[in-house]
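Asker: Got a structure here, written out as structure tokens. Questions coming.
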Amino acid sequence: MMKIYEITGMHCSVCKNRIEKSVKEIKGTQNVSVNIMTNTMQLDGNYNEKEVFEVVKNLGYGIKDKKENTTGEKSTMKNHRTLISIILLIILMIFSMGEMIGIHTPLKINISMQVILSGIILILNKKLLKSGLKTFLTHSFNMDTLITLGTGISYIYSFIVLFMNLGNITHDILHMIYFESAAMIITFVGLGKMLEERTKGKVSQALSELMEIMPAKANVVRNGKETEINAEELKIGEIFIVRTGERVPADGIVVEGRAVLDESSLTGESSGNVKKLGDKVLCATVNTQGHITCKAESTGEDTTLAKIIKLVNETASQKASVAKLADKIATIFVFSIIIISVLTFILWYIIGENFAFAWERAISVLVISCPCALGLATPVAIMAGSGKALKKGILFKNSKALQEAGKCDTIILDKTGTVTKGKLEVGEIYAYETDEKELLEKIYSIEKKSIHPTAKAICEYAKVKNTQTREVENFEEIIGSGTKGTINGKQITTGKLSFVEKYAKIPEEEKRKANEKARENIVVYVSENGKYIGFVILSDEIKENAKETIERLQKDGKEIILLSGDKKETVENIAKKLGIKKYGSELLPHEKAEKIKEISKNHKTIMIGDGTNDAVALMSAHVGIAIGKGTDVAIESADIVLMKENLESICETVKISKDTLKTIHENLFFAFAYNIILIPIAGGILAPIGIYINPMWASLAMSLSGTSVVLNALRLYKSEKETKIEKRKIKRKEENKMQKTIKIEGMMCSHCENTIKKALENLDGVENANVNHESGTATVKLTKEIPDETLKTTIENKDYKVIEIK
């Protein structure tokens, strides 16, 4: 079972790599993943926990079970220690620099106060010093090693000077002791860590918010009685109740009642979603209105929320390809700096500078060097990017996808469920030399065993018509083609033309009729025992903003390709409506995948789909994106999941990827530039012209360097300006079109919606109509003014009642 531990004392990728490497060597451990952004380690397998704790502690880090939630208390204590250190440092600096600013104190009191105050500051920060000492003794160097060496050498050297001059203490000794330097180094480091942790907290805020909304309790029905239990105790198959204001404790399915759920924490969509009998509910979503009884289908670590948290953690823990050089440098960085520091001291001393000058240059090199900035450059940007995406309902399943999506120049779209709503509805049924009722019974019986969207639409229609089912034997589904099975000893075949024609000859007149009726719709042909018996026409709608989204992507230089298994006429009509020049039709799943592989040879590709038959295609592109409400197979095969169903999320995905990669490059440039420029200056390369950095300023620069890359990554959350401008343009465009909302009485199902929609859209001046039987409304977009009376008459002619028009 996967377990999460909190790790303290990590600063950079060197720390992360060291812990991962050591824990992996422990017998029974699997899938070790350390995240320096959230200070956690995920661990799977059958291992000795005591041994894990011992190994991590021996490396100089702290470890505890994540469930022991004392992080906030420890962070507060650490901040208090830092603030006290700053106050004491100010007092110490008054004694140290008093002579310069006109404050005179007796020499012995001055020195005594410097020793006492610096000693207290070091004691307040003893944990960092102990960690640095342990890493030095075990040769597992990190940033703490440099800080401990810089602070410790300054302090010890000052004591040696003091003891050597005990019998002859003069004011000259104040220029030879560095108690204030030791105190300032450790205090500035503490201040830098505090700022860095607070900023990192903001960067990983999206993940923290998700972890906080995990429900703690569940109202479960056991033995006919309602009982409150811990959510983690809820078992698959158990019945639980969710009232208004409560969070859903597990993924499940509604078995009774009706409610409006707020799913914004998972999908980013603020509008509530109506849930009724048979609908799926997700863990941690909030019931804003109503009362539902549900059956648990996934609990604990298997819920959608838990999987999202795990994936975001894993994404942030993964190494970016652009960070490999930084990682290699970081592993040898600290040891190299120690060598450079020693050589700096020796060089200056040999060429004739005094001991104090050579010592200051060596300490400055130790203190100013920062592996932190190198180690944080990539993970902090990835966490910020994936966190921003999460808030918008976009889930990056790996860091590679987060980096690659923005580089893609070709976007390949599936049709059904991707550019269209995927909510297929039966328009018409045409029986050939048989009874329509009998045809529907046969096709319903076969399609009932399929999970394909066309099958679901036919089954929904058949249920409304109270159609009887028959026993089916030898059922088989040929993905991308159709289904077949035996009823009363006769083989029934359903599916696309090319598939059904293998089993029955279809008259040319019937094909023409189907093509005329279908246009951009879908046709399902049916045969019985080698004889053609009719076809069913199913209609689908293009998603709102699909055309605008595709136009935005094309303006951004992306080539858009539409691929589908549907017939040529259907795909061609959809492509024309959306302004897509390249398209492919009548493609089987493996043919679609081969087509994508061919395109991917010369282009960076993104494939977007939602169905079972899209799984292979998703894996064939450089980046696969699944629509969140698609099938589990498609989501499992994808690199990115769009929790919302609208296509605007594609633009957001590409932009976030671009911004994240840009931030990684900026951070790495800053981290390398900082060390390449400031280490030589700290070593005294510009000393001949009077420019050098003393240990105090060196410690301040080092403290702020790590914070700088985190702050730069935080800008990802702020880079909304371009997106907002685009949205305002689209909004203004939409506002220029007239819109009316009609309140209707008498609608009961999706077929009622379809009837009213078709009637309204047949009116001259109606661009489109969105009809919802649950809310009892129709929203009509007009290209010109249409009298309310005309709209009312059109609807009431279909036997529905218009209550109000706004």
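The backbone N, Cα and C atoms fix where each Cβ goes, and this holds for glycine too.
According to TrEMBL:
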DOMAIN    1-64  domain 'HMA'
TRANSMEM  83-103  transmembrane segment
TRANSMEM  109-125  transmembrane segment
TRANSMEM  146-167  transmembrane segment
TRANSMEM  173-192  transmembrane segment
TRANSMEM  329-351  transmembrane segment
TRANSMEM  363-384  transmembrane segment
TRANSMEM  668-691  transmembrane segment
TRANSMEM  697-717  transmembrane segment
DOMAIN    738-803  domain 'HMA'
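On this model, are these features tucked inside or out on the surface, and what's nearby?
Answerer: Mean pLDDT, taken over the domain 'HMA' (1-64), works out to 84 on the 0 to 100 scale.
For the transmembrane segment (668-691), same-chain residues at least 6 beyond its ends with a Cβ under 8 Å from one of its own Cβ atoms are 322-323, 326, 337, 340, 344, 348, 357, 361, 364-365, 367-370, 373-374, 377-378, 698, 701, 705, 708-709, 712.
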Asker: Which residues of the chain, 6 or more past the ends of the transmembrane segment (146-167), have a CB below 8 A from one of its CBs?
Answerer: 111, 115, 118, 122, 128-129, 131-133, 135-136, 173, 176-179, 181-182, 185-186, 189, 334, 337-338, 341, 359, 363, 366-367, 369, 695, 699
Asker: Can you say which of 173-192, 329-351, 697-717 has the most Cβ pairs under 8 Å with the transmembrane segment (109-125)?
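Answerer: The stretch with the most contacts is 173-192.
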Asker: Where else in the chain does the transmembrane segment (697-717) make close Cβ contacts, counting only residues six or more beyond its ends and a cut-off under 8 Å?
Answerer: 11, 150, 184-185, 188-189, 191-193, 195-196, 199-200, 202-203, 363-365, 367-370, 372-373, 376-377, 380-381, 383-385, 387-388, 656, 659-660, 663, 666-667, 670-671, 674, 678, 682
Asker: With DSSP as the yardstick, break the domain 'HMA' (738-803) down into helix, strand and coil residue counts.
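Answerer: Tallied per class, the domain 'HMA' (738-803) gives 21 helix, 24 strand, 21 coil.
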Asker: Mind checking how the domain 'HMA' (1-64) divides into helix, strand and coil residues in DSSP?
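Answerer: Tallied per class, the domain 'HMA' (1-64) gives 22 helix, 22 strand, 20 coil.
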Asker: What residues in the same chain, six or more past the boundaries of the transmembrane segment (329-351), come closer than 8 Å to it by Cβ-Cβ distance?
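Answerer: Contacts with the transmembrane segment (329-351): 12-14, 17, 141-143, 145-146, 149, 357-359, 361-363, 365-366, 369, 371, 374-375, 679, 683-684.
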